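A.B. asks: One structure is given below, represented as structure tokens, and several questions about it will come after.
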């Protein structure tokens, strides 16, 4: 009988370890421009879909700001580096995420989550799914649906000059504006994209942290009118000084010089390319369930 308490302790430890081992990996989501964390017709619906497909899963849909209104506003007007920092703090302070998480980003939320992976390795991001992201930036002002005051304001400011300091520091889309005809200006003035793509100062921690991913899934929309060029969703982009030529990922300097680890990820079979027929973020439920959730989140 003297061993009975010890056996009970061992049983309790084993049970706890089993529960931790079988617990579903939690999910972090980051929405796109003009959206918010909890819109029942967009992110709220996606969150519900994850919860239906993965019983018991914890889903954290990031809200950047003190309110839904602020969250939407920050999709247009903010310093992206500050948003990424805020996201890192939220993720680190969420006890449900302490053992790691899978992530899915929609539109600009995709490259923002990549920045989280590169800058904030604790807790660890396991898989990153990018849905219509702009990883090499855009060279085309965002398409505005209807009379959207914030979106139309962004277009006017970018037309004024994306690399002007007061525009660059305040307009989110300007911070991943990539002008192939002003490459040096882009490298010098871009406060976000040029940094996370290691265009100037080679930050080895960015590469090391991104290489810790198990999978990087890149989803491109074949009729995308929002992401220009749409190949940016696959890390492709215009050739410097030539907007008539689009280079695929493996022909870009970002890949060939392996600045952030793309080449190594690719050669190790951890980058997965998906293309979807449709316009920006028009992903069928069946594709989201069968080709993304069941493959990379379960």
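Glycine residues also receive a Cβ, built from the backbone N, Cα and C atoms like all the rest.
Sharing the features that Swiss-Prot gives for it:
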type     : residues : note
SIGNAL   : 1-16     : signal peptide
CARBOHYD : 20       : N-linked glycosylation site
DISULFID : 37-38    : disulfide bond
DISULFID : 88-120   : disulfide bond
ACT_SITE : 107      : active site, nucleophile
DISULFID : 144-151  : disulfide bond
ACT_SITE : 224      : active site
CARBOHYD : 250      : N-linked glycosylation site
ACT_SITE : 280      : active site
A.B. asks: Would you kindly give the Cα-Cα distance separating residue 37 (disulfide bond) and residue 224 (active site), rounded to the nearest Å?
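C.D. replies: Residue 224 (active site) to residue 37 (disulfide bond), Cα-Cα distance: 23 Å.
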A.B. asks: Neighbour count, 10 Å Cβ-Cβ cut-off, for residue 88 (disulfide bond): what number do you get?
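C.D. replies: There are 16 of them.
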A.B. asks: Measuring CB to CB from residue 37 (disulfide bond), give everything in the same chain under 8 Å that is also at least six residues away in sequence.
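C.D. replies: Looking at Cβ-Cβ distances below 8 Å from residue 37 (disulfide bond), excluding near sequence neighbours, one finds 29, 31, 43, 61, 62, 63, 64, 68, 71.
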A.B. asks: When you tally the Cβ atoms that lie within 10 Å of each candidate's Cβ, which of the disulfide-bonded residues (38, 120) has the highest tally?
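C.D. replies: Buried the deepest by this measure is 120.
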A.B. asks: What is the separation, in Å, between the Cα atoms of residue 88 (disulfide bond) and residue 280 (active site)?
C.D. replies: 27
A.B. asks: Between the Cα atoms of residue 280 (active site) and residue 120 (disulfide bond), find the distance and write it as a whole number of Å.
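C.D. replies: So the Cα of residue 120 (disulfide bond) lies 28 Å away from that of residue 280 (active site).
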